[in-house]
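**Q** Structure provided below as structure tokens; questions to follow.
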Amino acid sequence: TFNWTVWAVAATGFFTDSYNLYATNVILPALAYVYWPNESSGHATAINCVTLAGSIVGQLSFGYLADKFGRQKLYGIELIIVIVSTLGIAQSSSGVDGSLSITSWLMAYRFFLGCGIGAEYPISSVITAEWAPRKSRARMLASVFIMQPIGQFVAALVGLFVLIGLDNSEGLRGSIDDAHTRHVMDSWWRYVTGVGTIPTVIALIFRLTIPESGRWTIDVQNDPARAAKVTESQYPLVEEDEEMQEMTDDNDSLNEDETLPEPFSRADIKQYFIKEGNWRYLAGTSLCWFLLDFAFYGLGLDNPRTLAKLWESAPQPIPEGGVPSWASDASEAEEGIYATIRGNAKRSLLTVSIGAICGCLLLIKLIDYVPRKKMLSWSFVWLALLLAGTGASFLNTFQTNLYGLTIALYVLCQFSFNLGANSLTFIIPAEIFPTRYRCTCHGIAAASGKLGSVIVQATIPAISFKGVKIRDPSSNGLGWLLIIFSVVMLLGCIPAWAWLPELQNMREGKSLKLPSKTLEELAEGVVRAGADGQDI
């Protein structure tokens, strides 16, 4: 049974985090136009790296705290952090005559925003995994993850609508560079940022209504009576679930006085991770996520110029003094900031968002019928081939009338990312770890991914091909970068195949037993499960 209430609680939080993370792709050109029009793109790199570093802190800290002290104590805190930091970003100022550094203010608030965004990864996955019936868990996790491309889609759409509204009232179209235009664009990026608080407040209302996880209550606190009461009254599961009944029958003989392991004790950590060999699962999920995000965020953040290059059909004359930092290409630099923001939104919606959303939708349909380990492994191989092909196509079609071929391949890349590795690296850690370590391990795996994204974001601006920076509008280095990312994707299939367990039988759609030992109970009387490796 698909629990829509649980989905709404988790999905609204994940949506708002995606919106706020990818809003930088929308607003950074306007910030550059207003505050540092003649400087390099170092400001954007610093802001993105600080945000991602904050995500690492949030994923590690909230993951551990949610396992140690309970999920309910953490519910909503990360969203409050997002609300406060988003409002801080929207009110950041350069002071009087530059008496303040707006870059420093933005970096400070974006770091705390990153903490809230990062915390949402383990929290959303745990809410879904521990309140969903086992048979629909993977599908519900995939349905939560689709909020990432939807949040990115909405951020671009909001930016476009606000731009059109300000153009109608203030007359932006055709303006090149004047005080009035800078004033309007300074308001524009604040509106786009501030809108991010609206879904966050909605998500917070949902989040504060959800009780403590029944699984955590029984597995860590050993309180089956309270777990049963909360689960039955708040989120009753389907009585007819055959797998739950089987688990009831299998575990009726358990000793009621059985002592549960003490989570995070040295003995339990050694037993679970070392003796049982589950460190391989943690290493496998972490390495897969690291390699995936190295390529995914290398293409996905600070990408207006990347997308603009894909759409170039002919060489463009570079204006005297070069292309300003806010412009995506030379032609839009001549037309002004309105054309730049509008062009960025169009390219993001058509080249990234549509393919990504379609990939997630197909995964929701397929995930219960395809073995997830094999799907993740082969998706890395497929992405390696596809990125290599896209890179080769770009090298041969850049600034020619055949550029449409590269765009089609790039859209297919975004579709494939979200049909496979990008979604599965989020889903699998929520399934394979026991309740007492689920949040911590998911946070570690997610933080490994964000570490990869920090490295690639800090590295790309320094990369040159034939003496030209890769982000220079005249450089074709994007093609070689795509080929490099294809090698990284090929490496991803190694830990996916070697260190991850198979999660289901493809024909029967049933979860297989894992070697971990966990004790959890599901609702309708509280079902005990996990004696020798039940996957709950």
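Positions of Cβ are set from backbone N, Cα and C atoms, glycine also.
Annotations in TrEMBL come from automatic prediction, not curation.
As the structure is a computational prediction, the values presented were derived from the model and not from experiment.
Residues or ranges marked as domain 'Major facilitator superfamily (MFS) profile' by TrEMBL: 6-504. Summarising the annotation, TrEMBL assigns transmembrane segment to 42-62, 74-91, 111-132, 144-166, 188-206, 279-299, 348-364, 376-395, 407-428, 478-500.
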**Q** In the same chain, who gets a Cβ under 8 Å from the transmembrane segment (407-428) while lying at least 6 residues past its ends?
**A** 121, 125, 138, 141-142, 145-146, 148-149, 285, 288-289, 292, 296, 299, 310-311, 350-352, 354-360, 362-363, 367, 372-373, 375-376, 378-380, 382-383, 386-387, 389-390, 393, 445-446, 449, 489, 492, 500, 503
**Q** Could you tell me the mean pLDDT over the domain 'Major facilitator superfamily (MFS) profile' (6-504), as a whole number?
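**A** PLDDT averaged over the stretch: 89.
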**Q** Grab the same-chain neighbours of the transmembrane segment (111-132) for me: Cβ-Cβ under 8 Å, and only residues 6 or more beyond its ends, written as numbers and ranges.
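**A** Beyond its ends, the transmembrane segment (111-132) has Cβ neighbours at 3, 6-7, 9-11, 13-14, 17, 20-21, 50-63, 66, 71, 74-75, 77-82, 84-86, 88-89, 140-141, 144, 210, 213-216, 235, 426-427, 429-431, 435, 438-440, 442-443, 446-447, 450.
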**Q** With the transmembrane segment (74-91) as the reference, which stretch in 42-62, 144-166, 188-206, 478-500 has the largest tally of C-beta pairs below 8 Å?
**A** 188-206
**Q** Cβ under 8 Å to the transmembrane segment (144-166), counting only same-chain residues 6 or more beyond its ends: which ones?
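**A** 7, 10-12, 14-19, 21-23, 25-27, 124-125, 128, 172, 184, 187-188, 191-192, 195-196, 338, 341-342, 344-346, 348-349, 352-354, 356-357, 359-361, 364, 418, 422-423, 426-427.
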